[in-house]
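S.K.: So that we are looking at the same thing, I have put the structure below in structure tokens.
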Number of protein chains: 2
Amino acid sequence: MSQSIPTPHYLIDAAALRRNMEKVARLRELSGAKALLALKCFATWSAFDDMRPFMDGTTSSSLYELRLGRTKFGGETHAYSVAWAEDEIDEAVGYADKIIFNSIGQLERFADRAEGIACGLRLNPQISTSGFDLADPARPFSRLGEWDSEKIAGVLDKISGFMIHYNCENEDFALFDRQLTDIENRFGNLLAQVAWVSLGGGIHFTGEGYPLEALAARLKAFAERFGVQVYLEPGEAAITRTATLELTVLDILHNGKDLAVVDSSIEAHLLDLLIYRLPAKIAPDEGPHRYMICGKSCLAGDIFGEFAFPERLKVGDRISVQDTAGYTMVKKNWFNGVKMPAIAIRDVDGTLRLVRSFGYEDYEASLS
Amino acid sequence: MSQSIPTPHYLIDAAALRRNMEKVARLRELSGAKALLALKCFATWSAFDDMRPFMDGTTSSSLYELRLGRTKFGGETHAYSVAWAEDEIDEAVGYADKIIFNSIGQLERFADRAEGIACGLRLNPQISTSGFDLADPARPFSRLGEWDSEKIAGVLDKISGFMIHYNCENEDFALFDRQLTDIENRFGNLLAQVAWVSLGGGIHFTGEGYPLEALAARLKAFAERFGVQVYLEPGEAAITRTATLELTVLDILHNGKDLAVVDSSIEAHLLDLLIYRLPAKIAPDEGPHRYMICGKSCLAGDIFGEFAFPERLKVGDRISVQDTAGYTMVKKNWFNGVKMPAIAIRDVDGTLRLVRSFGYEDYEASLS
């Protein structure tokens, strides 16, 4: 635990991160694929020293992520954005090793200004593994990438590679294998004409029991068939189960159920739980005492979920919400002025480091 | 427009704000009720000079909002929080004129430390006007306030008033009237024993055609019947239709529909559209050319909505999203590292003031 640091705080466990990183490194070694951290998921740069030796660099979804990746992580730096602005493109090219355009329109507008670095195009294979329409890049009328092979063939002279991001926490290697075969069949002609292909993120290869060797072999076969350098862009897979959100119980109520109010808010600190209507994870979630864990914001639905505890909860008890590294710190906000969680890292040797804390001045300066 | 300020930016229209404020002032005058700005909805303190003459002060949902209200707005300052922490309570009492506890447990724990200022309790009438379960304080097992009259009667010696927040953008005066009568019937015995009652926010009395005089008379009758000072806590009603989010079209795509990608993201800048699955408002939404307006984040569902335009859109066009003052700037976040909108105010005399802009350094410092 991290009792010496006041709650709320996100606590990153460098030992857990190391275990994921070793799987990333092994996949790179076996497959020949390069692995770039997807900063949209996790951009807590104080942890980058623990990741850099195991990954090739970063990929981004905006100019600011790109700059963070170049300056704080280093290595190979991919620039992607759904749409670059006129006044961003030169700066973006300055940071990037490769720039990936989302549309043929963007490619044609900006390719001239990206001379000197590799250009790529996002290819949308119109398949996806996401169970959430909100997160499905293959949803109808998707703006995410191009899918018309003929149109794409017309701009092949401007690009040296493709980015194809269509997986979403996909734990099923057989499904990955089948869908990649679909892509090979449908777009093989294009893939054979480029030098590199990024298969994006969303492959949950660091999960317990994932057949890493089979994935590596499949990626290697893909690379050899088309003569391409393969990239992966792990986000969640890189940092899954490496952080907790440490909270304190502030009040206990009995309104038909036993409720515990904690010093946090899902809307402010774990936003995806609210957006996707998902419960938080609390371990071990066992015992005779059941509580609904509630946030302290004004939102009626600010509920972490219902969980079992071995003992009755009381004011002052500590609660650790599990698996809170991905898509959390990058989305935290000042809703209700709820105190923003600090960020701490427990190093591999057990040392606890507080790397950022936020106070009233930060709240005031978030507005004007 | 505000062509001289780069997009994206929130643009607050002080003339529109003045129109709302004059309605607030008129309601206060006719009813005798006091009006406190609910900072959870709008806390852009550069606009407070334009609001202070028309309102009595602020109410809050956390220590930081409370401190902002005391230091930046002044006037009467109400402190409310779903749960105060042990290490917050003394500081909170130092800023507040009244402190309102959410539960009898919190009241009993902290009443001694609030000596010298008025104490109140949140009363949950178990009715609500919200169409969204997420935002309904009367939802089953709600943690928001006490509803057992007998238990409440047992702590009346510790409080001088109640806060009853149960409306949500309620435009229907007849419904308000009926529900207030229900509350009078059910809790009249308690109400007659306190000095003040806050009826919370959510009454849309600044809306076009709202019967302000009837509301004022109803509030006055309520106040006289129980011998209480009535408070209202307008959030959205105070700032409705006073701001736009100014955006630029970055790309046009044709993927079965005509799509325009703008330099913003609903998740990052207009979060409630994503949480409540609502479309943005674009005016006048008329003309022969229909576009799906899309955000530039990686989220497939980052869609502002589909709107009609008089002319074909092209890269570089400006788009103004309407009615973006409430629950927007207070929730903005760095998702995807998308550039955070600046905040500008167009004064009543037409002068444009840029009051806050955000850059890469702010993004980097949001993490660690």
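Counting begins at 1 with the first residue displayed.
For all residues, glycine too, the Cβ spot is worked out from N, Cα and C.
As annotated in TrEMBL:
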BINDING   B:Glu236, B:Asp272  substrate binding site
DOMAIN    B:243-324  domain 'Orn/DAP/Arg decarboxylase 2 C-terminal'
S.K.: Among the binding-site residues B:Glu236, B:Asp272, whose Cβ has the fewest other Cβ atoms within 10 Å?
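M.R.: Output over binding-site residues B:Glu236, B:Asp272: least Cβ neighbours within 10 Å is B:Asp272.
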S.K.: Mean pLDDT for the domain 'Orn/DAP/Arg decarboxylase 2 C-terminal' (B:243-324), as a whole number?
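M.R.: A mean pLDDT of 98 is what the predicted model shows over the domain 'Orn/DAP/Arg decarboxylase 2 C-terminal' (B:243-324).
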S.K.: Looking only at the domain 'Orn/DAP/Arg decarboxylase 2 C-terminal' (B:243-324), what are its DSSP counts of helix, strand and coil residues?
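M.R.: DSSP composition of the domain 'Orn/DAP/Arg decarboxylase 2 C-terminal' (B:243-324): 9 helix, 37 strand, 36 coil.
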